[in-house]
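Here Swiss-Prot flags 1-9 as topological domain 'Cytoplasmic', drawing on sequence analysis. Look at Swiss-Prot and you will find 32-167 tagged as topological domain 'Lumenal'. Here Swiss-Prot flags Ser44, His83, Asp109 as active site, charge relay system. As annotated by Swiss-Prot, N-linked glycosylation site applies to Asn121, with the evidence given as sequence analysis.
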Amino acid sequence: MNLRFELQKLLNVCFLFASAYMFWQGLAIATNSASPIVVVLSGSMEPAFQRGDILFLWNRNTFNQVGDVVVYEVEGKQIPIVHRVLRQHNNHADKQFLLTKGDNNAGNDISLYANKKIYLNKSKEIVGTVKGYFPQLGYITIWISENKYAKFALLGMLGLSALLGGE
């Protein structure tokens, strides 16, 4: 076993993870969104978006219009919600407030908002506006998050390939 060769493999794995992290951060800066890519986790936006679709977000537009699909985060909940803008209000200070609703839901989202709010503050709660999507590719992440053994198996396979892989 050559120590120099093993250290080089470890360095390559570290470089791979650092490159992925830098790519994600660059994408976040370019889109002005902390989560520039999200996966649809429920059927609340059917038929427009199905469970497992990957959505690409953009957060550099000044105002959202009625009909735009936005992703927002509610205080106290970690899962972003993908819904359509039902109403929008602007005040004199260039702030925008949005009321949203899932296409497949009967009513609006007021019951989902934190602290009994009736509108979302775009600058504080909107993660981004959907600008594109890739159908069903997100099922991989859903499967990994819902299957506790899949996480360990995936990490194990990555570790084994890094250790056993040669040039």
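Every residue, even glycine, has its Cβ placed from backbone N, Cα and C.
Keep in mind the model is a prediction, meaning the values are calculated, not measured.
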Based on DSSP, tally up the residues of the topological domain 'Cytoplasmic' (1-9) by helix, strand and coil.
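The counts are 7 helix, 0 strand, 2 coil.
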Would you pick out, from the recorded positions Ser44, Asn121, the residue whose Cβ has the largest number of other Cβ atoms within 10 Å?
Ser44
Fill in the CA-CA distance, Ser44 (active site, charge relay system) to Asp109 (active site, charge relay system), as an integer in Å.
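Given the Cα positions, Ser44 (active site, charge relay system) is 11 Å from Asp109 (active site, charge relay system).
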For His83 (active site, charge relay system), just count the other CB atoms lying within 10 A of its CB, please.
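His83 (active site, charge relay system): 23 neighbouring Cβ atoms within 10 Å.
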Within the topological domain 'Cytoplasmic' (1-9) only, compute the mean pLDDT.
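When the pLDDT values over the topological domain 'Cytoplasmic' (1-9) are averaged, the result is 83.
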Any idea what DSSP makes of His83 (active site, charge relay system), helix, strand or coil?
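Note: His83 (active site, charge relay system) is in a strand by DSSP.
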Is it possible to list how many residues within the topological domain 'Lumenal' (32-167) are helical, extended or coil according to DSSP?
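Its residues divide into 35 helix, 39 strand, 62 coil.
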Could you state the whole-number distance in Å separating the C-alpha atoms of His83 (active site, charge relay system) and Asp109 (active site, charge relay system)?
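Computed Cα spacing between His83 (active site, charge relay system) and Asp109 (active site, charge relay system) is 9 Å.
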What's the CA to CA span in angstrom from Asp109 (active site, charge relay system) over to Asn121 (N-linked glycosylation site)?
13
Taking the Cβ of Asp109 (active site, charge relay system) as the centre, how many other Cβ atoms fall within a 10 Å radius?
23
